[in-house]
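K.L.:
Dropping the structure in here first, questions after.
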Amino acid sequence: MPGRLGRPGPHACPLLARRRGAAGAHQRPRAPRRDRTGAHVTRGRAEVAEPFPDTAEIQDGRLRTLGGIAVEELAERFGTPLWLVDRATLEGRMRAYREAFAAQEAVLGATTTVVYAAKALCVRGVLELADDCGLWVDCASGGELATARAAGIDPRRIVLHGNNKSVAELRDAVDAGVGRIVIDSLSELARLEGIAEAAGRVVPCHLRVTPGVDAHTHEFVATGHDDTKFGLTLSLGLAHEGAARLVASRWLDLVGVHCHVGSDILRLDPYHAAADVMVRFLAEVRATHGAEVGELNLGGGLGISAVPGDVPPELPTYAADLTAAVAEAADAHGLTARPHLFVEPGRSIAGPAGVTLYRVGTIKELPGLSTYVAVDGGMSDNPRYPLYQAPHTFAPAGAVARDGTPRPVTVVGKHCETGDVLGEGVSLPSDLAEGDLLAVAATGAYNHAMASNYNRLPRPAMVLVGEGWAVELVRRETVEDLLAREPSLRDARPPVPRP
Ligand SMILES: Cc1ncc(COP(=O)(O)O)c(C=O)c1O
């Protein structure tokens with residue numbers, strides 16, 4: 001069975017030729033993920049480096065270096081499992097976003113803001129890079145807000161999200177002078193108004209609207225349809241009620257509207273639909289409530305190439321398409337001025353920059369059934385396959401050649417859970433051996449962010465690599481770190497009664 005990255009033929013290494021951005025590739029939409037049962041198994045016949053970061057050097061199907069450093073050296077120095085982040089790819093994506101939208105401002109007739117969605121990879125150093133690249137930062141909790149502040153982000157360039165922000169989180173955001181608070185419900189609106197009044201501050205707000213748009217993505221990451229916990233549902237009149245209350249508020253300033261239709265989207269049509277609905281809403285707010293609301297935030301959600309064949313639009317195409325859709329809708333719905341456009345990408349910035357490096361352990365052959373290749377991490381460092389069968393591209397890593405015929409295996413982790421699977425039908429050389437390194441591409445987004453300590457596994461280190469150097473973004477957690485949070489009952493005074 002053909003595999004994803006698979007093992008190449010003896011001389012095969014046309015890898016770098018098929019990078020993201022290959023001419024014409026961006027135009028090809030894919031089927032909705034939930035309709036592609038098993039698609040990840042049969043993709044990737046070609047030995048492509050497509051999902052690996054820009055500096056990945058791949059020879060004969062093996063990941064040899066990243067950021068100019070041999071992967072064995074990285075594994076030796078920092079241990080495994082290891083989250084690697086390629087600086088060139090990360091910064092390249094951040095700058096490319098900024099440039100792609102800046103290039104459309106003349107056509108749009110309005111300014112644009114790119115907000116990095118920190119939830120994808122919320123690490124201080126990453127937020128510092130986002131800031132250096134001219135991006136704002138979107139935070140979805142008090143913890144993300146504190147991280148952004150620790151990274152020195154100007155609070156005025158922070159957007160605060162969350163469907164259930166606590167009073168403390170709202171208060172902290174108001175006190176810090178966060179640039180935009182995105183109101184997610186009518187009850188939150190009332191809460192925030194009280195907090196703003198008590199602080200004596202007028203708070204700039206976006207109203208999160210649920211536009212009723214199908215994003216053609218996995219149901220766990222779709223957010224634009226009506227029946228969701230996020231935002232104020234347009235079709236039920238909640239968005240209009242929210243707008244009316246905000247327009248009447250002395251303490252909350254309705255400066256914009258927001259929507260986010262979902263994540264991991266590889267097609268442009270959900271964005272067209274969202275732009276049209278949201279611009280029409282802006283026109284209705286003006287007509288009904290007499291308010292000129294000048295900002296439109298269309299959220300994030302652009303997908304990435306996690307397996308060859310998943311081809312997202314190129315950023316210039318996406319930016320041109322989105323701004324054209326907004327401009328067209330503004331004309332169609334009679335807006336007097338084009339809105340200032342915000343976008344909030346997370347996965348499409350951090351995802352392609354990440355590679356996870358594992359060490360292979362037990363290889364279990366079940367003749368006639370399956371072969372299991374177990375690695376030294378698993379669902380605790382990458383919960384996305386167990387959660388929603390996110391497809392991944394695997395490659396043997398390091399210099400040791402393995403020439404065995406490729407065969408399909410199930411890559412599993414080391415957790416006490418049958419669902420602890422990282423990939424099925426993964427084509428790996430039959431002579432892959434215990435102790436080998438195995439790399440997984442495009443793991444920069446929502447892996448570290450959603451990692452756990454299941455089975456008491458300390459979370460891996462995260463290392464930024466580039467031009468021959470490597471620096472820790474996050475140090476490896478230790479069992480001592482975990483124990484440090486847990487006082488012994490034996491030390492409790494007065495003694496805890498024992499049953
Ligand atoms: C409000 C909002 N903005 C932006 C994002 C980022 O989405 P993505 O990482 O898919 O670009 C999300 C993700 O869930 C979100 O909920």
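Glycine is no exception: its Cβ is also placed from the backbone N, Cα and C atoms.
All TrEMBL annotations are machine predictions without curation.
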K.L.:
For the pyridoxal 5'-phosphate site, TrEMBL lists GLY301, GLU344, PRO345, GLY346, ARG347; sort out which one of TYR446, TYR454 goes with them.
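P.N.:
Only hit among TYR446, TYR454 in TrEMBL's pyridoxal 5'-phosphate site, alongside GLY301, GLU344, PRO345, GLY346, ARG347: TYR446.
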K.L.:
For GLU344 (pyridoxal 5'-phosphate binding site), name the DSSP secondary structure in the helix/strand/coil scheme.
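P.N.:
It is coil.
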K.L.:
Fill in the CA-CA distance, PRO345 (pyridoxal 5'-phosphate binding site) to LYS119 (N6-(pyridoxal phosphate)lysine), as an integer in Å.
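P.N.:
PRO345 (pyridoxal 5'-phosphate binding site) and LYS119 (N6-(pyridoxal phosphate)lysine) have their Cα atoms 10 Å apart.
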K.L.:
Look at the binding-site residues TYR388, TYR446 and tell me which residue has the greatest number of other C-beta atoms within 10 angstroms of its C-beta.
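P.N.:
Comparing the binding-site residues TYR388, TYR446, the most crowded Cβ belongs to TYR446.
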K.L.:
Spatially speaking, which of the recorded positions LYS119, GLY301, GLU344, ARG347, TYR446 is closest to ARG384 (substrate binding site)? Use C-alpha to C-alpha, please.
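P.N.:
Answer for the nearest of the recorded positions: TYR446.
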K.L.:
Cα distance, GLU417 (substrate binding site) to GLU344 (pyridoxal 5'-phosphate binding site), nearest Å?
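P.N.:
A Cα-Cα distance of 35 Å.
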K.L.:
When the Cα-Cα distance from LYS119 (N6-(pyridoxal phosphate)lysine) is computed for each of the recorded positions GLY301, GLY346, TYR388, CYS416, GLU417, which gives the smallest value?
P.N.:
GLY346
K.L.:
Please report the Cα separation of GLY301 (pyridoxal 5'-phosphate binding site) and CYS416 (active site, proton donor) in Å, rounded to an integer.
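P.N.:
Cα of GLY301 (pyridoxal 5'-phosphate binding site) to Cα of CYS416 (active site, proton donor) measures 32 Å after rounding.
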K.L.:
Quick one: give me the count of other CB atoms within 10 A of the CB of GLY346 (pyridoxal 5'-phosphate binding site).
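P.N.:
There are 26 of them.
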